[in-house]
């Protein structure tokens, strides 16, 4: 390996530590404390401490190291990961009916992420700020205001991008993980017998001894692996090897040392259960640790916010969410984006959650159900990919799925039991997003089908216009067309009302391919349909943002010269009229109309100069 490659690998691995592992890396702030919360009724006794530590350790090994890093990360789409990517991969080589089922599962998984993303910033920052009650108990009433203040600052700076401060994320998180390791090692040295919990017999005996209560306690143990989906979702940014290298060399050892250090502290002083993480530190280090923990949780929150921006862009490009304004905050990095409506909706939800739950321990009950639900769906989708795409042996795939679900389903079931103590929150938020995504996709499809079902043949119309041409005016007209072989509504209405046609007519279709990026060479396909009509198909990946200026540039290189300021863009604007429906479809129609009215208009979506756009209205019944 060359020196340059080693330096590059080190830099990317460090960057992965700063972004990918923020959520799972801040879990030691609250996980072990929640295991002994009053919900489960466990006393701080050696066998219970050993049982929880053993469960946490083997959860990190089996779920993170084996399931995600070894298996799930094999399933990539041109290097990209994430639940929607896995959904699209799983649906490639199966029947349309089975594809529909997998799409529903994928959308449920994506919706779970929206539910989780509201909780992560709240519980992370609150658990860090709660260190104040250890350092200065009199400041306890200010935990909620301080948490809101920190997160307000974080959401405000989103519109400016995080490129400059983002350079500090990796060093800060590296210091954080080293601090976790040192604090834990210091405690383990004082009480080394805690290392016996590495033996899985303690986890097994914990279940045997405490039976049903131990099953309920899985709802707390799962807090140790929240954020595991980020490893897969951020695969496209950093690559598989750097993410794996960061986990096995830095993150996993640091987490294990810290959890076992907290366990050693509890064996020595059971009273430390009120906040075992901060009580690991000597008195002089409490304030620096509080500051470092706050920075780490802010970075973890930033990673989650960036993740929801990326997921939203992917959902928009794949047609599951209405078009919305997406602002690129970096000229160098296409992945750095800002979506105002998502940012401020998320901020409002996070603030309401902090005010409503007040303490991170109250919020912990709400955490986990979305994570484990996504884990179950990931297992099903991954095994479908292994069977249908990679042609693994069917019996091997069934065996693998059973092994994965033996781990996933008990954790999910344990968290479902927390439904009425907070689990309703991510489920409710996820349900809202699922309804929005399925409504937009299905109603949009029905609308386009209704608009095109009575449309005449495009080729026949062009032949008729060439044979008996209307009045021609100088210039180029571009008609946005959603389907390649359908006459654009705007063209029909222009001929109907204005009875003129431009010298050159371009029918432009934007197509989103099932890949993250499309190579520039394949960006534009041009077909001359007649002496005065051209069809242009512009292909983009779901990580890209369509841009008409770029399309015109590519057209010029292919021989079709179009000048932006000499071209008129004709677009149709549909006024939707709701027909008589059953009550549940009526409500869905109302939601679709509301989403359509607030969707980003095509000129803004494709960055077309407003003074070059002509919109022609039409009424459509839905």
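Using N, Cα and C of the backbone, Cβ positions are placed for all residues, glycine too.
Since this is a predicted model, take the numbers as computed values, not measurements.
Taken from Swiss-Prot as is:
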type	residues	note
TRANSMEM	9-29	transmembrane segment
TRANSMEM	46-66	transmembrane segment
TRANSMEM	101-121	transmembrane segment
TRANSMEM	137-157	transmembrane segment
TRANSMEM	165-185	transmembrane segment
TRANSMEM	213-233	transmembrane segment
TRANSMEM	247-267	transmembrane segment
TRANSMEM	276-296	transmembrane segment
TRANSMEM	337-357	transmembrane segment
TRANSMEM	363-383	transmembrane segment
TRANSMEM	395-415	transmembrane segment
TRANSMEM	416-436	transmembrane segment
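The transmembrane segment (213-233) shares the most Cβ pairs under 8 Å with 9-29, out of the stretches 9-29, 165-185, 337-357.
Between the transmembrane segment (137-157) and the transmembrane segment (337-357) there are at least 3 Cβ pairs closer than 8 Å, counting only pairs 6 or more residues apart in sequence, which means the two stretches are in contact.
Counted over residue pairs 6 or more apart, the CB atoms of the transmembrane segment (363-383) and the transmembrane segment (9-29) come under 8 Å in fewer than three pairs, which marks the two as apart. Here the listed stretches are 101-121, 247-267, 337-357, and the one with the most C-beta pairs under 8 angstroms to the transmembrane segment (9-29) is 247-267.
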